[in-house]
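**Student:** Got a structure for you, questions after.
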Amino acid sequence: MDFNAGVPMSSLSPLMNQDAMWQMNLSSDETMETGSYPERPGEPDCSYYIRTGLCRFGSTCRFNHPRDRELVIATARMRGEYPERIGQPECEYYLKTGTCKFGVTCKFHHPRNKAGIAGRVSLNMLGYPLRSNEVDCAYFLRTGHCKFGGTCKFNHPQPQPTNMMVPTSGQQSYPWSRASFIASPRWQDPSSYASLIMPQGVVPVQGWNPYSGQLGSVSPSGTGNDQNYRNLQQNETIESGSQSQGSFSGYNPGSSVPLGGYYALPRENVFPERPGQPECQFYMKTGDCKFGTVCKFHHPRDRQAPPPDCLLSSIGLPLRPGEPLCVFYTRYGICKFGPSCKFDHPMRVFTYDNTASETDEVVETSTGKSRRLSVSETRQAATTSSGKDTTIDNTQQ
């Protein structure tokens, strides 16, 4: 019995067409699997065939289809050869690095005379590329290294030295380092002035003034104090000159330091100069900038503070009678802002009553030797004595 009996041919025609198409696809797959692709030794390899093992053009493809595809890939990888496909766009990664992770399967053009030509740039001392026409690498400016290495497309300027040795007239050199003020050494000479704390990296040199700029005249009320200060400074200069005989023999943190002036060791300007941008106000005042090379403002090399709008004392600090006292100046006797400080720096903070007996500040130790009280001990003793006086007054009342 015929299974298709009674079934119209019009309903069977779509099914027959689908079967015919399925058989054609099977035959084409068998043809692709059998590897019946043309071998053209003089032509470039078919990139699609090398990558997938198939070719949709079949026997009409004009490229070469080698039988051992894996051998071709391994040989090209060992030789470092990359396909040259004239007419195709150039491989950007190949032009930058000279290599290509896709190898012979890459569909772009790899000209041999341009291998890594885009990556041939000069390197800085850390091995990162210098690209003057590109923007600075922000990550490199912050951390000092770059995870992209030689393939980074941004500029990596030469790093500035953080430490440098500055030779002095003696037998010793002192490394410069940026640090905050420390509590030693102190000025230990017995005089009518408070203790002076020298910052780290600062070497005393005779004849230098702590603050730059022209010194203005002082008020008549401070004439006597200034005269005492100058006499004391001259005496200390003579004493230190007789001991050192004009030579500087190394820096001892525990020894007494003359107040004839100090000179900060010079360093190279590591802050960016941006002529078209506003000036960094903090840098103009202090000569320092916490943002460093990433600061967006201008840092002129020849930094000149604006002329002060008030009178300056003999040590170059502003006298502003109506303003509050500079806390740092009253505590340490110096001011990092110099003539640009907006607070008052009177000379009277350095002096106290000269008629007071100095025996009150000298105590005897257990060994029988006398020693001088420090500033903190003197203040504590004064506080204790004032407390006792208050107690006695309350008892009498």
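Along the chain as shown, the residues are counted starting at 1.
Placed from the backbone N, Cα and C atoms, the Cβ positions cover glycine too.
Pulled these from Swiss-Prot:
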type	residues	note
ZN_FING	40-68	zinc finger
ZN_FING	85-113	zinc finger
ZN_FING	131-159	zinc finger
ZN_FING	274-302	zinc finger
ZN_FING	320-348	zinc finger
REGION	361-397	region 'Disordered'
COMPBIAS	364-397	compositional bias 'Polar residues'
**Student:** Same chain only, please: residues at least 6 beyond the ends of the zinc finger (274-302) with a C-beta under 8 Å from a C-beta of the stretch. Say none if there are none.
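**Tutor:** Result: 138, 141-142, 157, 160, 178, 336-337, 340.
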**Student:** Can you work out which residues elsewhere in the same chain, 6+ from the ends of the zinc finger (131-159), have a Cβ less than 8 Å from its Cβ atoms?
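**Tutor:** 96-97, 119, 121, 123-125, 292-294.
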**Student:** What average pLDDT is reported by the model for the zinc finger (85-113)?
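**Tutor:** Value for the zinc finger (85-113), mean pLDDT as a whole number: 78.
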